[in-house]
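The next block holds one structure in the form of C-alpha cells; read it before the comments.
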Amino acid sequence: MQLGVIGLGRMGLIVADRLIEGGHDVVAYDLDEAAVERAGEAGATPADSIDDLAERLGEEKRIWLMVPAGEAVDATLAELDPHLDSEDVVVDGGNSHFERSVERAEATDAAYLDCGTSGGPASAEAGFSLMIGGPRWAYNELVPAFDAVATGPAGHDRMGPVGSGHYVKMVHNGVEYALMQAYGEGFELLAEGRYDLDLESVARTWNNGAVIRSWLLELCEEAFREEGTDLGDVDDYVAGGSTGTWTVQEALEQEIALPIIYQALSERFGSRSPEEGRFSRRLANRLRYGFGRHEVARREE
Ligand SMILES: NC(=O)C1=CN([C@@H]2O[C@H](COP(=O)(O)OP(=O)(O)OC[C@H]3O[C@@H](n4cnc5c(N)ncnc54)[C@H](O)[C@@H]3O)[C@@H](O)[C@H]2O)C=CC1
Ligand SMILES: O=C(CO)[C@H](O)[C@H](O)COP(=O)(O)O
C-alpha cells in the first residue's frame with residue numbers, strides 16, 4: 001500500500017520505517033528538511049511540501065499524521081483539505097484530545113481515524129499498541145499498515161466510532177501516570193528507608209516473576225542501571241501533564257472517582273514548585289525518557 005507520513009520526529013520516523021519494512025511505499029514530509037532526508041535514507045520518497053506529498057499519492061490517499069497534538073494537526077489538515085475526498089483516509093497517530101478528533105472528522109471530506117499510539121520511541125523494534133476509532137471500512141482498509149506499525153495483528157484494534165481511539169489512549173495515559181507514581185513511591189521508601197539497597201537489583205528481582213513486574217518496572221531497572229541507585233543528577237521535575245489533565249477532567253464530567261490518577265497528576269504539578277528532592281518525582285522524570293525519549297531535567301552542578 002502507498003501511504004503518506006507527515007511528521008517525522010521521534011515517533012513519525014519509526015512509523016515510516018516500520019511501514020517500509022512491512023513492504024509499503026511511503027511518501028514522507030516534515031517541516032524539518034533534515035527529518036525528511038532521514039526518512040529518504042530509510043527508503044521513503046521525500047516530499048518538499050504537503051501539496052507535493054498529496055500529488056505523489058495520487059487517487060485514494062492514505063495519510064498518517066504524527067505531528068504534535070493541537071495547532072500542528074489543524075495546520076496540516078488545512079493544507080491537506082483541498083486534496084481530500086471521501087475515498088481518502090487520514091490517520092492521526094498523535095496524542096490529540098478526543099473531542100478535537102471528532103470535530104476534525106466532521107470538518108474533512110476524508111474518512112478520519114483517530115489512533116492512540118502507545119509504546120513510545122523505545123518500542124521502535126517491537127512495534128506499537130494502536131487504539132483506533134473511526135469508520136470500519138477505513139480501519140479495515142488500513143489493516144495491513146496497522147499490522148506493520150503495531151506489534152502485529154494483536155497490537156491494534158478498532159475501539160469504536162471516531163473519538164474512541166484517542167479517548168482510550170487518554171485513559172491509558174492516566175493509568176501510566178498512576179503506575180509511575182506507585183513505582184516512584186515504592187522506590188522512594190526503599191531509597192530512604194532502613195536498609196541500604198541496590199535498587200537496580202530490587203527492580204531486576206521484581207521483574208523476574210513478581211506480581212508487579214511490567215515494562216515500566218523494566219524501565220525503572222534501566223534507569224537505576226544507567227543513572228545509579230540514587231538516580232545521580234536526575235532532577236525532581238516532571239514535565240508533560242496534558243493527557244493526565246484531560247483524563248481527570250473527563251472523570252469529573254462523568255462523575256467517576258479517579259483519586260489515584262488525580263493524585264499522580266497533582267504530584268506532577270507539585271514537582272514544579274521550588275520544594276525539591278522527592279525521589280518518586282526523580283524516577284518519574286527519568287521514566288518519561290525511558291518510554292518517550294522526553295528530555296531528562298537534571299540538577300545543576
Ligand atoms: N514520544 C512519545 O512517547 C509519544 C508521542 N506521541 C504523540 O505523537 C505525536 C508526535 O510525537 P513525537 O514524535 O514525540 O514529537 P517530535 O517533536 O519528536 O516530532 C514531531 C515532528 O513533527 C514535525 N512537525 C511539526 N509541525 C509540523 C507541521 N505543521 N507539518 C509537518 N511536520 C510538522 C516536527 O518538525 C517534528 O519532526 C505527538 O502528538 C505525541 O504526543 C504518542 C505516543 C508516544
Ligand atoms: O503518550 C505518551 C506515552 O504513552 C507520551 O510519551 C506522552 O508525552 C506522555 O504524556 P505526558 O507528556 O503527559 O507525560
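Heads up, the Cβ atoms here are built off N, Cα and C, so glycines get one too.
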Further substrate ligand in TrEMBL, beside Ser118, Gly119, Gly120, His172, Asn173, Tyr177, Arg268, within candidate set Asn95, Asn207:
Asn95
Which binding-site residues among Gly7, Gly9, Met11, Ala69, Gly119, Tyr177 have CB under 6 Å of ligand 2?
none
Whole-number Å only: compute the distance from the Cα of Gly7 (NAD(+) binding site) to the Cα of Asn95 (substrate binding site).
13
Please find, for Gly7, Leu8, Gly9, Arg10, Met11, Gly12, Val67, Pro68, Ala69, Asn95 as listed binding NAD(+), the greatest distance between any two Cα atoms, in Å.
15
Running a distance check here. Ligand 1 versus the recorded positions Gly119, Lys169, Tyr177: which have CB less than 6 Å from one of its atoms?
none
Please give me the CB contact count at 10 A for Gly9 (NAD(+) binding site), counting all chains in the structure.
15
